[in-house]
Amino acid sequence: MPAKSRSARLTHLDDAGLPTMVDVSGKAITARSATAESRVRFPAAVAAQLRANGLRSAKGGIVETAVIAGTMAVKRTHELIPFCHPLPIDACRFEIDWAGEQVLDIRCTVRCVHRTGVEMEALTGASVAALTVYDMCKALSHSMSIGPTRLVSKRGGKRDIGAAQ
């Protein structure tokens, strides 16, 4: 079996194979951004009802509540995922809109100036916003599905991924 290159190594394991937080103290402070996306798929009748009601449910504004929950999640990512560094979030923006008749697209873009990226924060924000949409709509149906959730782009650090957002 060929030896793994240093770049292909799992960064949250030390040489003894024990979990560890990555030491970012030697990294340069740079602008970082990431955009993640999650989708919620509704049964046709539920999607039609949500469209007719302007994305409002008995619990209130679905989009507004999802944005608030997603933003809170972005700021608390380091409390949810053990080896994420606490970051000074400079910006967190959501775009939530229909992507077809039955699919709600949720995009979360996060920015900061720091030594490590914000991919996990963007993924967490999009995920929690999608979970919140589910919670707001579950009285209508439990036949909704969430996913895929994915990283769309990231900027800053060693490499950029995806189109600039």
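In case you wondered, yes, glycine gets a Cβ from its N, Cα and C as well.
Taken straight from Swiss-Prot:
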- F83, C84, H85, M120, E121: substrate binding site (BINDING)
- D135: active site (ACT_SITE)
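On the structure: features taken from Swiss-Prot.
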{"residue": "F83", "record": "substrate binding site", "Cβ neighbours (10 Å)": "12"}
{"residue": "C84", "record": "substrate binding site", "Cβ neighbours (10 Å)": "20"}
{"residue": "H85", "record": "substrate binding site", "Cβ neighbours (10 Å)": "14"}
{"residue": "M120", "record": "substrate binding site", "Cβ neighbours (10 Å)": "22"}
{"residue": "E121", "record": "substrate binding site", "Cβ neighbours (10 Å)": "27"}
{"residue": "D135", "record": "active site", "Cβ neighbours (10 Å)": "15"}
* Taking the recorded substrate site as F83, C84, H85, M120, E121, identify the other residues of that chain whose CB atom sits within 8 Å of the mean position of the site's CB atoms, giving them in sequence order. => T77, H78, I81, L87, T116
* Structure fact -> Under a three-state DSSP reduction, the secondary structure at F83 (substrate binding site) is coil
* Structure fact -> For F83 (substrate binding site) and D135 (active site), the CA-to-CA distance in whole Å is 28
* Structure fact -> If we take the residues F83, C84, H85, M120, E121 that the record assigns to substrate, their largest CA-CA distance in Å comes out at 12
* How big is the Cα-to-Cα gap, in Å, between M120 (substrate binding site) and D135 (active site)? -> 22
* For D135 (active site) and E121 (substrate binding site), determine the Cα separation and express it in whole Å. => 21
* D135 (active site) - helix vs strand vs coil (DSSP) -> helix
